[in-house]
Amino acid sequence: MGDFNLALVIVAIVVCVIVFISSIYLLVNYQHPDDANQAYFPKFVVVFGLSIAMISILMLPADVANRHACRHAIYNGACNLTLPMKDLWLAIYIVDAILVFFVIPFAMFFYEGDQDKTLGKRIKSALIWVVTTAVVCALVLGILYGVIGKVDFSVRHLASATTTFPTTWQFSNNQPCIGNTARQCSAFTANVTSEKTWTMRTTFPEYVVALATIVGSVLFTIFGGVGIACLPLGLITAFIKRPKAVITRSQYIKEATELGKKARELKKAADGLHQEERSGAKGRKWRKNVKAVEKELLQLEEDVNLLEEMYPQGEKAETAWAFTVLGYLAKFILGILGLIVSIAWVAHIIIYLLVDPPLSPFLNEVFIKLDDVWGLLGTAAFAFFCFYLLLAVIAGAMMLGLKLVFITIHPMKWGATLMNSFLFNVGLILLSSISVIQFCATAFGYYAQATAAQEIFGHTLQSLRGIKYLYKYNVFQIGFVILAGLTFLYYIAFGWRRKKPSGRFQLSS
């Protein structure tokens, strides 16, 4: 047993190192050239935040493996030698909350600050915003914790008469209890009025995690519900709308000229907005125009990339076109596989969570059978489904950011992602990761039973005063399924259509 626990600790350390290296790899390859050799503090926050997010997702499979470490123990103290998962969960999520609500906002304000100001003034400006946010959050958390920071557990008071301790044990379906006349135990014969509410105050760290989970659950329901459908369908529609053949040189020159005109219009508009910002005229109209410029700029970049795909140049033009065709074919295959995973997720939510009692354990049973085939196969599949939800959240945020005015666009592009976009997406991932873990702990409750995550997210969170009704009536799960269905219908009705040219770009007056 000790050897198994030692192996689990070694695996955990190795995984943490791999996660850290992966985070650095993502930063190096996604960062914009303008941020090279500068913005070191935001980069540290990005690497640290990505590492925490990935570790938090991997902790649930580790929690399940940790439970298995003492499942076949031959002495009672074996479970004390495993990883202290509850303490690790609370530590990870307290760090998560500090990053989301304090560190990342500070890094964003600092990075987006006026470059003409001195370093001290930029730090001072960012600190003012963060300290104000910290004071407000501390007051809200303190008041809520003092007033309603309690959990209400439904318990049943049972009482029975005493009987002589038997010398032999004879239990059967007809004799489930001790005693010659007992045919049912007290739990079955107890009066309905014996059900009571046991109230106790939760710990402050657990309460912070619970409130952060609620905030994340709202974002997760909206972005995840949309993303679970648009992630695979977006890949499939990209294949449907792919360029079918290479265009001629005259067509290329004509399209490139039009894109050049549009680029000059956008530059002129961006310069005008920058002048308005310096003059302090940052009202609703200014924000609306900034949003319009961002959308048109993203569309322009997509048009440029599409034009380069349709008219590859250079000595290896034929090879480039072949890779373009293979790329779209890969998108189609990944889209089909993603669609299967998305359908499995939605079906599992309906079958296991929304129907009471559940029709089937479904994916829980799949993971258990995979574990029987090979010890870590079910755990790996479990981790994949959790990571897929995170990808769905990011895809949903990107789609809604392009469609809705009040959501800021922060695209992630290979070799062209600015630090503010990096920080925004890391904050979104961190905030959503809490809800993804809670969602997975609930959705896969049969597979992840008796884990520390279930103790925090399954018992405490779902019994917290003022919050438990959101989970009792499956508000988030129902919203998730409805948004997934609406997004699917949207793609069926409009997703396959090609976008029409937007014409001359104009700002609102």
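Cβ from N, Cα, C; glycine included.
Since we're looking at a predicted model, the values are computed, not measured.
For reference, TrEMBL has these:
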TRANSMEM  6-28  transmembrane segment
TRANSMEM  40-60  transmembrane segment
TRANSMEM  90-111  transmembrane segment
TRANSMEM  123-148  transmembrane segment
TRANSMEM  207-240  transmembrane segment
COILED    256-310  coiled coil
TRANSMEM  332-354  transmembrane segment
TRANSMEM  374-402  transmembrane segment
TRANSMEM  422-447  transmembrane segment
TRANSMEM  475-494  transmembrane segment
Seg_contact(the transmembrane segment (475-494), the transmembrane segment (332-354)) with at least 3 CB pairs under 8 angstroms, min sep 6: yes
The transmembrane segment (374-402) vs the transmembrane segment (422-447): 3 or more CB pairs under 8 Å: yes
Residues from the same chain, set at least six apart from the ends of the transmembrane segment (123-148), whose C-beta lies under 8 A from its own: 101-102, 105-107, 109-110, 113, 117, 204, 207-208, 211, 465-466
Per-region confidence, the coiled coil (256-310) (mean pLDDT, whole number): 80
